[in-house]
């Protein structure tokens, strides 16, 4: 099975699929903004803690999408003198902010509001408006999720990898965030509906408070997963073993290269890969032959893996080689 990170490195895959990711995020942002307003109005009318928690959830999702759009745009900036390796990793920084927004804006408020309802109770109003808003929200969130899932399935199909495996390992965390948040939103809507129904049948706000807390716990999980994924990529994640082996194989196929002593790979973005290696060249190779071998190695790597943007090769003596000045007899002491 092809590695997930290999999707951008396959020949024939477009150099940039940012428009597709941007469309997915924009659809989610517009849907969440409208849903947030509707939920807030319904929550005030019905007095439902769960509905207000869902409104906070949608507000957090909207902020998240705005941050993800910022991440997509800023990470596309070309390298400059101040940032010679480019801005690809900046998308993960903004995505981390998005995870924090989900936690603070959604999870903390939901848990607090749920506990407040359990302790102090609440006066329940007419739930009809809330049910209508929940139904419309479910349709809008479902459409947004469908857009994200369509992109994920398309990417996974190129890899011949399961969708779940792709979501777990993809370096395109913007799409992962949309799919996870929309999935959590659908679950949250069902939980909120359950809380409303429980309160309507029993006349108690306990069920509504419990629903609010459950929504908060769900958002904690989403924030944790997104934060962990982006932190790993922000710190620096290498290519998978299968692709590292392919890079090593490609280097060894170049004339004059007899060994790859050390290989460092780094994902700088969904479509940006850095390769650095210590290379052992043939002892009889001339300086000119080594220079052209380095050029050929870079060309072969870029041809096989178009996502490779930077290649740094360091000619290094092998472990059995002796430094020339150490092989000569020591001069007699005077």
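Each residue, glycine too, has its Cβ placed from N, Cα and C.
Database features, via TrEMBL:
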| type | residues | note |
| --- | --- | --- |
| DOMAIN | 25-234 | domain 'Cation efflux protein transmembrane' |
| DOMAIN | 240-311 | domain 'Cation efflux protein cytoplasmic' |
| REGION | 1-21 | region 'Disordered' |
| REGION | 312-334 | region 'Disordered' |
| TRANSMEM | 92-112 | transmembrane segment |
| TRANSMEM | 128-145 | transmembrane segment |
| TRANSMEM | 184-203 | transmembrane segment |
| TRANSMEM | 209-227 | transmembrane segment |
Helix-strand-coil residue split for the domain 'Cation efflux protein cytoplasmic' (240-311), DSSP-based: 30 helix, 27 strand, 15 coil
Within the predicted model, mean pLDDT of the domain 'Cation efflux protein cytoplasmic' (240-311): 92
